[in-house]
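Per TrEMBL, these features apply:
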- 103-499: domain 'SLC26A/SulP transporter' (DOMAIN)
- 275-294: transmembrane segment (TRANSMEM)
- 314-331: transmembrane segment (TRANSMEM)
- 359-379: transmembrane segment (TRANSMEM)
- 399-422: transmembrane segment (TRANSMEM)
- 458-476: transmembrane segment (TRANSMEM)
- 488-506: transmembrane segment (TRANSMEM)
Amino acid sequence: SVSCLYASMARIRPTQVESSSSTEGRRNMSGCLVRGRGAMNQQEFDAEYGYHQETTSQIYLCSKKAVRKCFDPCTSGRKFLQAIIGFVPILGWLPKYNFKGHLVRDIIGGFTTGVMHVPQGIAYSVLSGVAPVYGLYSSFFPALFYMIFGTSRHTSIGSFAVVALMSGIANERILTKYVDSSNSTMSPTEITTLTPIEVASTLTFALGMIQFATGLLRLEFLTAYFSDQLVAGFATGSACHVFTAQLDDIIGVNVPKVSGPGYIFRRIYDIIVRIPRANLCTVITSALGIIFLYVGKDWISPFVNKRLPVKIPIPYELILVILSAAFSYLFRLNERYGMNIVGEIPAGMPEPQLPNITILPDCLIGAAGIAAVTIAVHISMAKMLAKKMKYEIDAGQELYALGLSAMLGGLFPIYPVSTALGRTMVNVEGGTKTQLSSLFSCLLLLTIILWLGPLLKTLPMCILAAIIIMALRSMFRKLADLKRLWPASKIDFLIWLVAFATTVAIDVMEGLAISIVFALLTIIFRSQWPKSQSLASIPNTNDFKDPRRYTAALPNPNICIFRFDSPLLFTNVGRFKYMINKTIGVWNVEADSSRQKLLKEKTLADSNFASDIKV
């Protein structure tokens, strides 16, 4: 708030000025004698008390500080070692690792999280438009690299529904552009060999470049503009796209791909008209899978955890994957009933390869929106967990960690990943103490990648869709935020609603851009047309409140106090002056009324006193 000091002092009555400028002292709150002074403007105050203005340019000082920070590690061996440890944090905490107190908890938490990685990685690969095996790679490599560079002890890097959906949309747009030879600069051979996973891995590398550059330029403060309401509304809107993307697999029909603004409504229409052709075996399997997950998570787990001293996360998704794959294999559901299955999952580790430089510029454009979401979600989650668990993270280093994890991971066939909210909370509940838990998660994933992956080839696609739909429940629950936001803040309510509505009605990327612009506009509007009011004193207190809200507040007949709820900027100077004049005009009327009232009371008191003396 800006207190209008000069407006207040300018309207002080002469008697008040004389009193203020008297040489009689007053005592401050600490009991020290303070000499009074008269009203001054800023120039008079500076001259009286010797204000010293810095002559050095702020740009020069900032540049000097940046150069010193770059060369400071080279001034001594100790500082160089500290810089290396700061950039690779595992070198700092691993030698001090508490094997006795933390190892068992990290093993349990790591394997618990690893069990969740398997079904989620396979399921979300469908959203990214790549084969299921690449979901296992996407859960393995980024988590392993983040363990080396990250400072958050609990975040789980891997597949995330919203990011997978955005990756799939970007993947499809890039493929569509380059497959159309009339709009392509690639040779026909390059076009025919361009695959979805090649686009996805290049997109991941581009994502890492943006994240690393954001950390290098110290732009993490931009995440402050991604408010909780914006992220929640966008995530819920994206969940609607994810949900509709699974409906064709749930009922076992083929739906043509559509894109463009409002495509979600066209997709829903296409699915509805194909319901009569639904695969009955697929529908029954999907229903059984959803019921299994619902009963397990909402009934069995609470019942079991109430009777155990420690909460044990039960991997219902992995159990469902194993049972459904075995059931599909034994009864040959694909051959007999035409149920879609995952198909071949090759065993072994992929070889690293450089990203496709030709499509990198287009991938950078598509990765910009994904980077905004991943940075906002990761930083907010990491800060929340650090505060809860009483440790500190380095936001700048977190951006380096995300960027390096994506760039190094992009050398392998993976799709973009992020911090997964649900899996991170399972990691915390599993008792994880450090990022060493990621090593044990990766060991479990490595076992499946090297030896057990081919056993999942008969896994029904409808089971993956059921897993995704059940994982979206936490996002849809955010709709309840609207009931809380409306009475708390109408602007936050509108930010949530606009982010949700534009994401659903138009598309994911466009919805994110529009919601960010709208959130920035609300900041501009609030600074350009802020609230303002005159303040009045509460009798027998040191408080000053708005008399329109507090009936006990009495305006001071000698001083006008004005409150302006915004920094004074060139955009709101006009309103500032207008509201001052308006407030002073109202105050003059109220002050005259108060003085007349006081005068009447004094006259009445004097007359009563005179009558008493006469009697």
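Note: Cβ is positioned from N, Cα and C throughout, glycine not excepted.
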Give residue numbers and ranges for long-range contacts of the transmembrane segment (399-422): same chain, 6 or more residues beyond its ends, CB-CB under 8 A.
87, 120, 125, 128, 130, 134-135, 137-139, 141-143, 145-146, 149-151, 155-160, 162-164, 166-167, 171, 197-198, 200-216, 220, 350, 352-355, 367, 370, 373-375, 377-379, 381-382, 471, 474
Long-range Cβ neighbours of the transmembrane segment (314-331) (under 8 Å; 6 or more residues past either end):
112, 115-116, 118-120, 122, 285, 289, 292-293, 296-297, 300-301, 304, 339, 341, 455-460, 463, 466-467
Considering only Cβ pairs under 8 Å, which range in 275-294, 359-379, 488-506 makes the most contacts with the transmembrane segment (458-476)?
275-294
Would you mind giving the whole-number mean pLDDT across the domain 'SLC26A/SulP transporter' (103-499)?
91
